[in-house]
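A.B. asks: Take a look at the following structure, please.
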Amino acid sequence: MDISYIFVICLMALCSGGSSLSQVEGKQKSGRGRGSMWWGIAKVGEPNNITPIMYMDPAIHSTLRRKQRRLVRDNPGVLGALVKGANLAISECQHQFRNRRWNCSTRNFSRGKNLFGKIVDRGCRETSFIYAITSAAVTHSIARACSEGTIESCTCDYSHQSRSPQANHQAGSVAGVRDWEWGGCSDNIGFGFKFSREFVDTGERGRNLREKMNLHNNEAGRAHVQAEMRQECKCHGMSGSCTVKTCWMRLANFRVIGDNLKARFDGATRVQVTNSLRATNALAPVSPNAAGSNSVGSNGLIIPQSGLVYGEEEERMLNDHMPDILLENSHPISKIHHPNMPSPNSLPQAGQRGGRNGRRQGRKHNRYHFQLNPHNPEHKPPGSKDLVYLEPSPSFCEKNLRQGILGTHGRQCNETSLGVDGCGLMCCGRGYRRDEVVVVERCACTFHWCCEVKCKLCRTKKVIYTCL
């Protein structure tokens, strides 16, 4: 009886074919909520008040996975940088979308993966931006914290100072006489990039299209931070002359990264799973020789073949000067040797590890080893800095708490604008109300020695427009 029942079930599954697979994908999309629990650390308190042992606090402990807790424990001081990065991502997201129907609100939502609401359950453009901006903020915050000395396991990036004298001469001047030197304290983008991968991408195994979407957008956020590294210099000489310049690499202001990601949001690429790959429930990895694919180097890092993840300069910086970081299974990965770091020759290589740990390491790096296909076959595949999404965004016009949509009723709009912040688009055609309000502001401020600033209180009338 049992055998016959099993046979009938199997026969029904075979007959249903692709429809069954579509139903499985639908359940995975609409099943348990998406999002990342670690986002909840943004609500645990001020970053400057975070102590290294606070990872054991129940409020923080519940928002982190086991691997994330281990990374926090093994890198003292990193928790404060993570909290700062999470808050940086929220504030930048709200700034970029302050004039949009969806304004990245976190006010009415709980902590953890629901910090941004249930919109993250949908694979839409807004979700892609959330993942990219949070990943970028962690990379930026960790890299800056290393140069500020607040994380015990990392320092400034001294890899540029280890370049050969010939390379410095070529970079310094055409005549071969160097007029500047590497010095100062460069922001440690290598450590920030690698730590962000290990921490942010925890739980994203790349086994289905949604996880691949998350991984791609996380990588895009990190790539934008890395691409905006800039060289800063300081002159040294008598009477203000610039006889010699000392230069270092500095992260750009995070507003620049936010602006770039917002531009990518507007031009995001919709991707899909093809019928030939639907049975695998994910896009198949691209062969190392395929255009736009990656290969895994001997040190376990992803090496792009055609700029899928990094450019040549970024690839050189990450693969040749990877700082020390405590990873899963406590295997540090390093290619640059400092007195307080283990020798690169003594480090186990990813391909040399045997048993379960070796297979796990291989799976971890293979999750970045794919190429997403555009929904429209006439469009080119997304690049390393492009954002990708799976489904169209909702209108965000009407309140729908079930989907995490607050609506635009009561939102202020710009009556003279024809853009997305204009009353026509913001109010979804429902109309708007004109009100005159009296605003009290500080004005006519003067400085009095010493040391006080005195201001007057001025009342001004302003006209505001509010969506019905």
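Using N, Cα and C of the backbone, Cβ positions are placed for all residues, glycine too.
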A.B. asks: Pick from Cys235, Cys247: which one does Swiss-Prot say forms the disulfide with Cys242?
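C.D. replies: Among Cys235, Cys247, the cysteine that Swiss-Prot links to Cys242 by a disulfide bond is Cys235.
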A.B. asks: Could you identify, going by Swiss-Prot, the member of Cys445, Cys450, Cys451 that forms a disulphide bond with Cys455?
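C.D. replies: Recorded disulfide partner of Cys455 in Swiss-Prot: Cys445.
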A.B. asks: For a quick check of packing: other C-beta atoms within 10 Å of the C-beta of Cys397 (disulfide bond), how many?
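C.D. replies: For Cys397 (disulfide bond), the count of other Cβ atoms within 10 Å is 18.
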A.B. asks: Counting only other Cβ atoms and using a 10 Å cut-off, which of the recorded positions Asn103, Ser239, Asn414 scores lowest?
C.D. replies: Ser239
A.B. asks: Nearest by CA distance to Cys154 (disulfide bond): which of the disulfide-bonded residues is it, out of Cys104, Cys413, Cys443, Cys455?
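C.D. replies: Going through Cys104, Cys413, Cys443, Cys455 one by one, the closest to Cys154 (disulfide bond) is Cys104.
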A.B. asks: Please list, in sequence order, the residues in the chain of Cys458 (disulfide bond) that are at least six apart in sequence and whose C-beta is under 8 Å away from its C-beta.
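C.D. replies: Result: Val440, Glu441, Arg442, Cys443, Ala444.
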A.B. asks: Cys185 (disulfide bond): which of the disulfide-bonded residues Cys247, Cys397, Cys413, Cys427 have a C-alpha within 10 angstroms of it?
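C.D. replies: For Cys185 (disulfide bond), the disulfide-bonded residues whose Cα atoms are within 10 Å come to Cys247.
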